[in-house]
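Quick one: the structure is below, questions incoming.
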Amino acid sequence: MTQPTFPGYSDVYQIGQGGFADVYRAREAGPMGRDVAIKRFRTALDDPASVEQFRHECQAIKRVDSQDVVLVYTAEIPRDGQPYLVMELCGGSLLDEIRRRGPLPVDQVTAAGRSVAAALRSAHEAGVLHGDVTPQNVLYRRGGAAVLSDFGLAVARDYRGNVASGFNPVHAAPEALRSDGSASGASDVYGLGSTLHHALTGQPPFPPRAGERDLARAQRVLTEPAPRAAEAPAWLADLVQRMLAKDPATRPTTNEVLTTLLEGGTRTAPADQRSAAHQPPPPAYGPPEGHAAVSQEMTRDRAGAGAPGGTPDGGLSGEHTRNRQDGAGRRPEPPAPAPNRRWVRPAAVGVAVLVLAAAVLGVVQLLGAGTPDAAPDPAAAPAGPAGSVIRLDPPREEGDAVTLSWSIDRPVADVGVAVARDGAAAAVQPVPRSGGETPTSVTLPVDAGAGYCFQIQGYETNGAVYESNVQPLRGAVCRFQAP
């Protein structure tokens, strides 16, 4: 297979792939060239809305001031419209470690937990939610320090406009699995608690069961108590149990988590049978094993759309910045976007395919057209992002009903349609089959004068979910908020 080319980088080869992006290792040009990871998204930014969304999300994410976050050096939108990020190359993920070794030493788990808690605290103070804290998004730097990656899912709480994000439901908080769920810092705390439980026990609190559908697993998360990490020290098991509380209001804050991990871990480490003295060195830095710069197990497409801007001539590279490992200073502020360009330099950025959180309902809100800081009405929304499995056409009004039609690249077990009306949470309803064929259209009743947003979802028996672009009706502006 022919490798893509990236101007200014050589020795490009693929080191990972997921549901919405491919990851490459490359060498930066010049005598001081460094090895980097390049995350190339399969969805082309060929509609004006997505460019504006990038700009908004970049403005939010660059406020996160933490050396515990994977560094993004620059970003580009080339002529073919497929954006890519040039990122810090890390040695491997926490998930890699769990798969290789099973339950991890308490010292290693608490060290990773401290780094992630610090990153989340900085993000929350900046008004930014991560939305997908999982073991695969905790990476290791060359020196062994854990860092939080994939802030491409992050959503600014104060943002208004078209936002869409997805998440890994295996580690998602209960409120994220309800149709009335809403994002909060407590949702990230739950994700970190689930990640710590996974690292301590070798499996997530609610591991998927063979043949189990998302809705069935979501019901377990909503109703069953989270298991205790029995092999962990009591103080750590207690902390993780609190982080996995069903009620977000009863979970500890990121500051409380960080303080407990600092004090508790220091106090009990000498007595821990799985101490640092017994653990192997951190993951090796470099290919082909243990490579990671972004999530390698990307089970959901994630995204954002917003509104226009830019010129058709290539993108703008931001200045390269170097991460401060010594904590002596703040990460440099990214430069302001240049005028008449299609791209801005982010600290991290969300990309590509509009998503609901599969059958386990994400949150969809309709913002009324004309909201001052909302993105312009995407009246000519594209039929679907390039490379997507499902492409939804613009809805056709027929009196008091609307007909949705879509194309789908592969057969799926079930199809659902997500519908949001005038600020209400999304509801997903199944689309009936006819003659055993995968359905490609459905007609739904609609209320006169109301705005709607629609998305099609395809479900496979192994739990994979494919999600189409979102299409508005009657000038609605859709806001997809990640839990």
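Any Cβ shown, glycine's included, is placed from N, Cα and C.
Feature list, courtesy of TrEMBL:
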BINDING   Lys39  ATP binding site
COMPBIAS  306-317  compositional bias 'Gly residues'
COMPBIAS  319-333  compositional bias 'Basic and acidic residues'
DOMAIN    9-262  domain 'Protein kinase'
REGION    266-341  region 'Disordered'
Grab the pLDDT values for the domain 'Protein kinase' (9-262) and give me their mean, rounded.
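Reported value for the domain 'Protein kinase' (9-262) is a mean pLDDT of 84.
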What count of other C-beta atoms do you get within 10 angstroms of the C-beta of Lys39 (ATP binding site), across all chains shown?
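A count of 26.
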Return one of helix, strand or coil for Lys39 (ATP binding site), based on DSSP.
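Lys39 (ATP binding site) sits in a strand per DSSP.
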